[in-house]
Amino acid sequence: MSSNSSRNIILVGPMGSGKTSVGRRLACILNRDFFDSDFEIVARTGVSINHIFDVEGEKGFRKREMQILADLCEIKHIVIATGGGIVINPQNRKILKQGNFVIYLSSTVEQLLKYTMNSKSRPLLEQSYDREKTFNNLLLKRGPLYQTVADVVIDTTSKKLYAIISEIIKVIPI
């Protein structure tokens, strides 16, 4: 299956919702290149996201994130998995909506906790003593922002990768 659309497909949602796994597989099926914004930040800086947070703080990281998003959106016909906080910045929300097809991968707090349980590379969770409370707060703040940029919402809770991909294939403009 090949897509004739030049619109980028961008996945947004909280950490642990499956953006990277879904994005990789979707790009393969659609014969598109795949980019993960967090990976691109690490590749460009040569240091981990945790290190950027330690040295520059969240503000410094968000500035880098905005530049990566803008740069990636200059490329056409790709699939992009974004970091969970991409929607915080109003400029990022504007970039996301400019000619891209945005999919919000939503999930329950329980599912997000399960998928991030052993993660050592998520600064906002590493700084938290109560991950469940952190996720609840993040979803409370970011959920409406994900909704505002999304062309479609896909609930990933308790679904296998192939089922999520199948749902996405049905709704993307190809």
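Glycine too: its Cβ is placed from the backbone N, Cα and C atoms.
As annotated by TrEMBL, ATP binding site applies to Gly16, Ser17, Gly18, Lys19, Thr20, Ser21, Arg122. For Gly18 (ATP binding site), the Cβ neighbour count at a 10 Å cut-off comes to 23, with all displayed protein chains included.
Taken from TrEMBL, the feature Mg(2+) binding site applies to Thr20. In the three-state DSSP classification, Thr20 (ATP binding site) falls within a helix. Taking the Cβ of Thr20 (ATP binding site) as reference, residues of its chain lying under 8 Å away and at least six apart in sequence are, in sequence order, Asp36, Ala81.
There are 22 other CB atoms within 10 A of the CB of Asp38 (substrate binding site), with all protein chains counted. The substrate binding site annotation in TrEMBL covers Asp38, Arg62, Gly84, Arg142.
Largest Cα to Cα distance within the recorded substrate binders Asp38, Arg62, Gly84, Arg142: about 18 Å as a whole number. Ranking the binding-site residues Ser17, Ser21 by how many other Cβ atoms lie within 10 angstroms of each Cβ puts Ser21 at the bottom. Here the candidates are the binding-site residues Asp38, Arg62, Gly84, Arg142. The one whose C-alpha lies nearest to that of Lys19 (ATP binding site) is Gly84. Its Cβ placed at the centre, Lys19 (ATP binding site) has 28 other Cβ atoms within 10 Å.
Among the binding-site residues Asp38, Gly84, Arg142, the ones whose Cα is located within 10 Å of the Cα of Ser17 (ATP binding site) are Gly84.
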